[in-house]
Amino acid sequence: TMFASPTRAFAPARCARRCASSQTPRIRAGLLDAFRSPKASKHVAPAAAADATTVARLERAIALTDVRDGGAVKPTTTRRAIMAGNWKMNPKTASEAATLAALVGAAAGMDGESARACEVLVCPPAPFIADVARILEGTGVAIGAQNIYHEASGAFTGEMSAEMAKSVGCTHVLVGHSERRTLFGETDEVCNVKTRKIIDMGMTAVLCIGETKEEYEAGQVKKICARQLAGALAGIEATEMNKVIIAYEPVWAIGTGLTATPAIAQSVHAGIRDWVRENYGNAVANKIQIQYGGSVKPESVDELMQAPDIDGCLVGGASLNADQFGRIFNYDVAPEGPTRLWAEEVVACGNQLGESPVWSVERQMLYWVDAPSGSLYSWDLKSAPTKVNFGETLGCVALRSNNTLLLGLESGLHAYDPTTKALTFVSEFEAGLNTRPNDGRTDREGNFVIGSYNNAHRVDAQPIGGLWRLPANGGALEEMLDYKFRCSNCICFTKDGSTMFFCDTPTRRIYQFDYNPRTGPSNRRLLYELPSSMNGGPDGAQCDANGNVWAAISGAGQVIRITPRGEVDLTVELPVKQPTSVTFGGPGLNTLFITTRAENGRIDAGSLFACQVFDVAGVPEAEYVDRSPVKGDAVSANIGPVRPGRPGAASAKFCTQCGVAFDKPTARFCAQCGTARR
């Protein structure tokens, strides 16, 4: 099934409802099962050939992503949301049920059915159905049954037939609710028989699927959902799917007060829609309503309903309170706050720490690294990614002229030729320090700017790393900042190259600098500081054509777009918590690729994600080239160039042990820790 596909060919991602409301068909190609548990190798991993069907689907998807006015064309949908209240075995008496129905009817009639953004459905206990239907007549609220038996009549004590349910006003029936699966042993086969009967009676089946806590923690969510869908819908034709609604209910969230984050819910809903697409075609997939049903509350519904593949909610406890249920089905279709986009997993590469995505316009190729494993990935979006392992930590990759690459390995900077596999040493990097290359990007004039990572920064918290420039003429590394830091990130440049962005991740602050490719950065000023309410810290970033910074917030499960005014006007939501870096790529430079790191309990953590951007495009990534600024500019700008192979040697400004600046130019020992100046 699509759920099992570890490599997904990118397509227009699912945009926020408030700015587009849905998506063109998404495609996924199952090409790389071995990447679920990648093994280190000194050689390129063999790429599985893409079959003709996969390539054709990819070409159709790319054709739908033309850039107009600087962004991709936004698709549309005609799906209408549906909010369903499952009263379960509540309330206790007929009079209480009548009162609740009257209050729900009043809430539904307040604005009128045409004014609501969704359909409304209530599913009372069987003894109350007729009375509730009578009370709600004319309000636009539909009536559903919580269960039926598939036989029309007979010796089936305690059961209600579909014919009976329809005769008292039911238009919908719940099938396969988790409580019926758990308490009454309802199997996928039983669900299939009931679904068949409901459709034959001209009613709509609300098919409930979902995983247990154990299955969720084992990373089996999509596998379980696919199995339940296949079982319950066996023999159901595409022409009959207009009588099916799918309700995803994570069992671990029902009645517990826990709710899957909107990004997690969206990820599962997107997978469900993909399963429908693969089995029933685009037309059915684009029309079918998929509800979310996991402890939905008034305070969570607005955020959930921004997700483009969530078409309503199956509400339990909150539907027994008319005010709460009314707030849910009168949800805010355009809540205040940043626009939301939703990233989808496109390559299940299982990275420990994915980093440094770089798109080559000339080669139409995406590169990224898995830092701890020392692996370099490359992907042309059509066939399986390839992987090369270098046997040591690989912090970053940059494009280099002549179709070669520049690598930030722990042993130093190296040039790498993907064709010949030749690896050529270029420069040492902070020799003698417990650091390694981390974030790096080429400026618009072809100089490579790279920052370091204190390997012990989570322990000793000492700022000992520097920001360096490898000149385009291939000269010695030059230090660019007059202060040290712990973990370099967010290095990127505006389209005209006049502004550079940078952060020391533990400080949670992103700075912008005036930037001159000859003299380096100056005039540091704060662009954005993470609010105390946000987890994590800024990681890798990229700048778009309008000067906005797209920063991965590792720990928050988001990429945020920061305007030149320092305001967050858009967020990209991920189902994993640790996005690490971003870049723009694809034929129109309007696909945002996002690397992530591994985390417990998420099989998709460490995967490559992607999101279609609709209002702006990226800027072609610059190559490191042999085009040098005038010699001496770095010296005159006080960006001390250093001797080849010994960054920080001779006239070091900072102690190599603790990172503190020497108090005098002539000082021979550090005033802080006593280490000799080197």
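A Cβ is built for glycine as well, from the same backbone N, Cα and C atoms used for every other residue.
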### Task
Given that TrEMBL annotates N489, D539 as binding divalent metal cation, state which candidate in E355, E362, E392 belongs to that site as well.
E355
### Query
Which one is it: of the recorded positions R436, N438, D539, whose Cα lies the shortest distance from the Cα of N489 (divalent metal cation binding site)?
D539
### Same-chain residues at least 6 apart in sequence whose Cβ lies under 8 Å from R436 (substrate binding site)
T393, G395, G408, E410, F429, S452, Y453, N455
## Note on the structure
Rounded to a whole number of Å, the separation of the Cα atoms of D539 (active site, proton donor/acceptor) and N438 (substrate binding site) comes to 10
### Task
Pick out which of the binding-site residues N438, N489 has the most other Cβ atoms within 10 Å of its own Cβ.
N489
### Message
Looking at the domain 'SMP-30/Gluconolactonase/LRE-like region' (353-596) alone, can you tell me the average pLDDT?
### Response
94
### Query
Apart from E355, N489, D539, which residues in this chain have a Cβ no more than 8 Å from the mean position of the Cβ atoms of those residues at the divalent metal cation site?
S356, N438, D439, C490, T505, G540, A541, A552, S554, T580, S581
### Query
How many Å lie between the Cα of E355 (divalent metal cation binding site) and the Cα of N438 (substrate binding site)?
9
### Message
Check the DSSP secondary structure of D539 (active site, proton donor/acceptor), expressed as helix, strand or coil.
### Response
strand
